[in-house]
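Trainee: According to TrEMBL, the record shows the following:
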- 46-379: domain 'Acyltransferase 3' (DOMAIN)
- 12-29: transmembrane segment (TRANSMEM)
- 49-64: transmembrane segment (TRANSMEM)
- 70-93: transmembrane segment (TRANSMEM)
- 114-133: transmembrane segment (TRANSMEM)
- 176-194: transmembrane segment (TRANSMEM)
- 199-218: transmembrane segment (TRANSMEM)
- 224-245: transmembrane segment (TRANSMEM)
- 266-284: transmembrane segment (TRANSMEM)
- 304-323: transmembrane segment (TRANSMEM)
- 330-349: transmembrane segment (TRANSMEM)
- 361-379: transmembrane segment (TRANSMEM)
Amino acid sequence: MGPITLTDDTILSTNIVIAVVLLVLFLTFKKSQHTDVFPISVTNELKGLGILTVVFAHFAYMKVTNADFLFPLSIIAGVGVDLFLFMSGYGLSVGMLKRPMKTLDFYKKRVIKIFIPFWVALIIIFAADAIFLKEYYMATSLTTTGEGGSIALYIFRSMLGFFPTALGFGDVNSPFWYITWMIMFYLLFPIVFFKDKPWLTALILAVIATIIGTFNPGDLGDNWLHRLHTLAFPMGIIAAWLLQVKEGEENKFVTFIKEFRLKKVGLVRYLIIALMFVVVYYVSQNTTSNSWPTLTAIFVKGFYVEQLMSLVIMMAFIVIFVLKKVDNKFLAIYGVYSYEVYLIHWPLIGRYDFFFDYLPSWAAVICWLVAFILVSMLLNKIVKPISAWVDKIAK
């Protein structure tokens with residue numbers, strides 16, 4: 001197993017994929033009915049956007065060797081990761097601000113919710129790889145040096161959600177490095193959460209994540225991925241704090257955004273949205289520290305600058321999605337199943353692909369985009385009764 005080299009016209013294929021995606025987006029727009037600043041419909045769309053950026057990047061930089069394939073759809077996967085972390089921080093904070101939970105209760109009701117689909121997907125992947133591929137994972141990724149280890153230890157460590165490396169064709173599921181990072185935030189969150197000072201929670205988590213990302217105390221093999229995503233989760237907490245509407249009180253910031261968005265003649269709103277698209281386009285073409293020498297000199301570490309650029313793009317997208325007056329069904333569907341798509345997409349295209357064997361590359365991508373949703377729906381149906389049973393015994 002390994003990456004493939006496309007032999008068809010990658011530029012033409014990329015243009016066809018872009019055209020199809022734009023057409024689907026256009027056909028699935030409808031007028032918004034909500035008046036809230038950051039409703040579930042918007043967060044789902046942002047999660048949908050996030051997972052699509054990740055999927056396109058994995059097609060372009062892991063599945064194939066053709067660097068120009070799916071450009072520019074493939075170049076902002078880091079923004080997608082930041083969107084996921086931001087939404088996690090935001091969602092958890094909104095819940096805790098409305099109904100605080102003790103640490104143990106939080107673990108039983110929130111942390112277990114991310115583990116159940118993860119465990120189901122991981123067991124299926126391990127079983128399928130052993131049965132169909134005779135792949136038993138001699139644990140070449142148990143250490144940062146690539147030395148071998150026992151199969152049992154690798155499986156046990158994986159079930160705990162600990163993935164120190166992100167080997168595209170060596171680990172059971174390369175994108176699971178994110179699971180390790182997300183679990184860290186979930187475990188720390190209730191311990192350092194202050195209902196009256198959520199900004200302090202955000203600050204503490206930002207400091208902890210930045211220290212881990214910068215100094216890599218656990219000697220994680222692919223820590224370079226973690227250090228690019230230390231601030232998005234805390235920023236989600238800050239957003240929940242800023243948008244909090246306490247009973248009997250008015251949040252003037254929220255009121256201002258609502259009124260600004262709902263104005264019938266919204267020339268300024270359109271100008272802001274247009275400006276945000278310009279920011280997305282320009283910064284996405286200049287995400288490396290080499291493009292920002294002055295900032296690099298100030299921050300010293302280049303990865304701080306690269307994280308900043310990713311966060312700038314993320315915030316630009318959030319502004320666009322908050323101010324727009326249309327909903328998008330395609331992004332919303334991908335958002336609803338974003339976690340499931342994340343769990344299964346790479347093993348499918350990395351080890352069980354057949355679309356690229358028989359179809360033009362553009363058609364293969366489109367078929368996979370449909371397949372991801374169908375498989376994710378199936379995974380969700382498997383997980384739902386298990387989650388319900390766990391909820392019952394956890395009460």
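Positions of Cβ are set from backbone N, Cα and C atoms, glycine also.
Thinking about packing and proximity, how do these listed features fit into the structure?
Mentor: Taking the domain 'Acyltransferase 3' (46-379) as a whole, pLDDT averages 94 in the prediction.
Taking Cβ pairs closer than 8 Å, the transmembrane segment (12-29) reaches residues 6, 68-71, 73, 326-331, 360-362, 365-366 in its own chain, all 6 or more past its ends.
Only residues 6 or more beyond the boundaries of the transmembrane segment (49-64), in the same chain, are considered here, and those with a CB under 8 A from a CB of the stretch are 3-6, 70-71, 73-77, 79-84, 87, 168, 174-175, 317, 321, 331, 334-335, 338, 341-342, 345-346, 349-350, 353, 356, 361, 365, 368-369, 372.
Counting same-chain residues at least six beyond the ends of the transmembrane segment (199-218), those with a Cβ under 8 angstroms from any Cβ of the stretch are 89, 93, 164, 184-185, 188-189, 192-193, 226-231, 233-235, 237-238, 241, 301, 303.
Remote same-chain residues near the transmembrane segment (224-245) are listed as 37-38, 78, 81-94, 97, 166, 177-178, 180-181, 185, 198-199, 201-203, 205-206, 209-210, 212-214, 216, 251, 253-254, 303, 306-307, 310-311, 314 (criterion: CB distance under 8 Å, separation of at least six residues from the stretch ends).
Panel annotation: around the transmembrane segment (266-284), residues 72, 75-76, 79, 260, 309, 312-313, 316-317, 319-320, 323-324 of the same chain, lying at least six beyond its termini, place a Cβ under 8 Å from a Cβ of the stretch.
Long-range contacts of the transmembrane segment (330-349) within its own chain (CB-CB distance under 8 A, at least 6 residues past either end) are made by residues 24-25, 28, 41, 43-52, 54-55, 58-59, 62-63, 84, 114, 117-118, 121, 125, 128-129, 172-175, 178, 368, 371-373, 375-377, 379-380, 383.
Proximity of distant same-chain residues to the transmembrane segment (361-379), defined by a Cβ-Cβ separation under 8 Å and at least 6 residues beyond the stretch ends, is recorded for 6, 8, 10, 12-14, 16-17, 20, 55, 59, 64, 69-70, 117, 120-121, 333-334, 337, 340-341, 343-345, 348-349, 353, 355.
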Trainee: Can you tell me which parts of the same chain pack against the transmembrane segment (176-194), counting only residues 6+ beyond its ends and a CB-CB cutoff under 8 A?
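Mentor: Hits for the transmembrane segment (176-194): 81, 84-85, 88-89, 92-93, 96, 100-103, 106-107, 110-111, 114, 118, 158, 161-166, 200-201, 204-205, 208-209, 212, 220, 222, 225-226, 229, 233, 342.
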